[in-house]
Amino acid sequence: MATPLLKPGPDSASQAVEPTSPVAHFGADEALAMDAGVDLAPWQIAYQTAGTLNEARSNAVLVCHALTGDQHVVNTHPVTGKPGWWDRLVGPGKPVDTDRYFVICANVVGSCMGTTGPASLNPATGRAYGLDFPLVTIRDMVRGQAMLLDRLGIKDLFLCIGGSMGGMQVLQWAASYPERVFAAMPIATGARHSAQNIAFHEVGRQAILADPNWHGGRYLDVGTRPAKGLGVARMGAHITYLSEPALHRKFGRRLQDRDAPTFSFDADFQIESYLRHQGITFVERFDANAYLYLTRAMDYFDLAADHGGVLANAFRGTRTRFCIMSFTSDWLFPTADSRAIVHALNAAAAPVAFVEVESDKGHDAFLLDEPAMISAAKGFIAAAARERGL
Amino acid sequence: MSVTASLAPAGLPQDATGSARIDHLVMLNLVEPGSRVLDVGCGDGSLLALLRDRRGVDGRGIELSREGVNACLAHGLPVIQGDADTDLAAYPDDAFDYVILSQTIQATRQPKEVLEHLLRIGQRAIVSFPNFGHWRVRSELLLRGRMPVTDTLPDPWYATPNIHHCTIRDFVGLCRLVGARIERASALDASGHPMRFALPWWVWNLVGTQGVFLLRRG
């Protein structure tokens, strides 16, 4: 007897429409021009800030969140009640020091924490967009963030930083708006999504599409949620964020609350129980359609393809200072992916630093307490601040 | 052997050099102000920082150790954690005015290929290395029959990162093999000072503790 995944809760749905954070609204005349060929209007973007913008407006830092992240980078999450997702790196006295810098983190277009996405109301129908929402790209996310910065009166960023999908946004920022990015720090990421990563995403999407409660993407209309499908998608993805040594250290083959196997499909092993928990809690805070759209955005990302197949062309003539970081046990975005970015930046004669952090925690290492990551980030950011006169 | 000029003005004033290493100061004098420099095996970045501060150089580095990379980052130096044996291939031709390989060539797996990359990536290459032809090294082997441990070769044989030792004479041979033209060359004596240029080559090979070469594609 399998433990049932959680019943749909109201929280993520309410955050999608009425987030507990500031929101910038853009009207019919301020459409977001999307790569899919659609002018999205009206639309909105939800964000959080920390710290104070200085008089010269030169100390702004944009933090870009990962696939299932959100704008709550340093503040308590409104749904889970947990501390900010990057409070190890961002905060008072941290490498991204909110006592010195003005930190902005916005929920990306296509997500479900207050920025317009498939869970938002479609003004044309009065219902949630569902699959009527246009496909989103990383470039669309970045365009949306740029419009938010314009609205906030921020001409350029001192630093653009993010991991995983957030790192893709950092790379896209540096390519799309080189003059607006003084320093860039893409972490545990790649300039394109690999075939293996697309394959994992496809498994997750198929789990959602196969859930009878998905209803062709119209589940919000009928008051159901494809919780099982989304939970399974999260369970699969979660494995890719970890590493075998980390899993072994944490769980091994230990049994959960029992001395012997039950000879059933119950969650006998601790790792099973852990994954089920991950699936259940994820469903509480995330929208299934948003998961489809954001995984697709990562799949489509290929910065070299956008520049004639030569990644270096994406950074031609850039004056942005880069610091690239990877983790030894990250098999989702292995060090080779980071090296490809470094090589392209070398070919473009860009100032680039690269650090490979020794860690057995897998892809998730960038979110965890990794002293080597934190000290390297501190060194790079502090030196960039000196150069910027901050 | 066609060594055309000595490296540094003899008797570099000590007080003007601060705490900088003398071999670094010798290299400083080889680099044109405002040029682009890649320092391969840059350690904690002290040479890069010196080049930036004294010569206005746009410097980059490659360093294997995380400690070294972190020290460089803290000094605002763009340094890549990587390996000279594998990473140089990724750099385009003529990307830098100078590529520096300071006390590193003897620790590479493929010194010949590394030297060829240096000459491809940089207009000029600057290479320094501990001279295995130094008389102390020779006498340790000859008289005591032991692998030498000296100031420039401080590690015991079982713990040394150096796998391809060479003498100044050997290095000149390698330069010839890869078609590198030696523009300037020098040997440093036991106190790290450049030796007099007028000395014959075999003296450098015997009493020089380090060789420093400025090279150009043939």
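Just so you know, glycine gets a Cβ as well, placed from its N, Cα and C.
According to DSSP, A:Ser164 (active site, nucleophile) sits in a coil region rather than a helix or strand. Shown in sequence order, A:Ala66, A:Leu67, A:Ile187, A:Ala188, A:Thr189, A:Leu332, A:Phe333, A:His363, A:Phe366 are the residues of the chain, 6+ apart in sequence, with a C-beta less than 8 angstroms from the C-beta of A:Ser164 (active site, nucleophile). Per TrEMBL, the feature active site, nucleophile maps to A:Ser164.
A:Asp330 (active site): 27 other CB atoms within 10 A of its CB, across all protein chains. For A:Asp330 (among others), the entry in TrEMBL reads active site.
Using a 10 Å Cβ-Cβ cutoff, A:His363 (active site) registers 25 neighbours. Under the three-state DSSP scheme, A:His363 (active site) falls in the helix class. The active site annotation in TrEMBL covers A:His363 (among others).
According to TrEMBL, the feature substrate binding site maps to A:Arg234, A:Asp364. For A:Asp364 (substrate binding site), applying a Cβ distance below 8 Å and a minimum sequence separation of six or more within one chain yields A:Tyr241, A:Leu242.
Residues annotated as domain 'AB hydrolase-1' in TrEMBL: A:59-368.
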- Simplified to three states, DSSP reports A:Asp330 (active site) as coil
- Query: Roughly how many angstrom lie between the C-alpha atoms of A:Asp330 (active site) and A:Arg234 (substrate binding site)?
  - Reply: 18
- Item | Local confidence of the domain 'AB hydrolase-1' (A:59-368) - pLDDT mean | 96
- Within 10 angstroms of the C-beta of A:Arg234 (substrate binding site), the count of other C-beta atoms across all shown chains comes to 23
